[in-house]
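Engineer: I have a structure I would like to understand better, so I am pasting it below and will then ask my questions one at a time.
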Amino acid sequence: MKLCVTVLSLLVLVAAFCSPALSAPMGSDPPTACCFSYTLRKIPRNFVADYFETSSLCSQPAVVFQTRRGRQVCANPSEPWVQEYMDDLELN
C-alpha cells in the first residue's frame, strides 16, 4: 500500500511539471511581450533607449519603448510621434 501511494505521488508530481511544457504545440513559440493598452502621453525622446515591435500573435499591435532606466512602455504604432521615434532610433 505504501509503495502504491509513493508511486502515485511521484506520477502526480511528474505530470504537474511536464504538462506546461507540453501544452503548446511543437514549434509554436508564445509571444514574449504583448501590450493591452497604450501610453496616453508622449514620452520625452531623450528617455528612450531602444524599441521593439510586439509579435503578430498579440491581440493588438504595439511598439514597446525601452527607457534608459529599463522600463518598458507600450505605444500605439499608428501615432506619428511613435513612428518618428522608431525612425530616429533606426538611424542612430
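In case you wondered, yes, glycine gets a Cβ from its N, Cα and C as well.
What you are looking at is a predicted structure, and each value in this text was computed from that prediction instead of being measured.
The annotation signal peptide is assigned in Swiss-Prot to 1-23. Taken from Swiss-Prot, the feature disulfide bond covers Cys34-Cys58, Cys35-Cys74.
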Engineer: Quick check for the class: what is the C-alpha distance, in angstrom and rounded, between Cys34 (disulfide bond) and Cys74 (disulfide bond)?
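Structural biologist: It is 9 Å, counting Cα to Cα.
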Engineer: Using C-alpha atoms only, work out the spacing between Cys35 (disulfide bond) and Cys58 (disulfide bond) and round it to an integer in Å.
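Structural biologist: Given the Cα positions, Cys35 (disulfide bond) is 8 Å from Cys58 (disulfide bond).
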Engineer: How many Å separate the Cα atoms of Cys74 (disulfide bond) and Cys58 (disulfide bond)?
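Structural biologist: That comes out at 13 Å between the alpha carbons.
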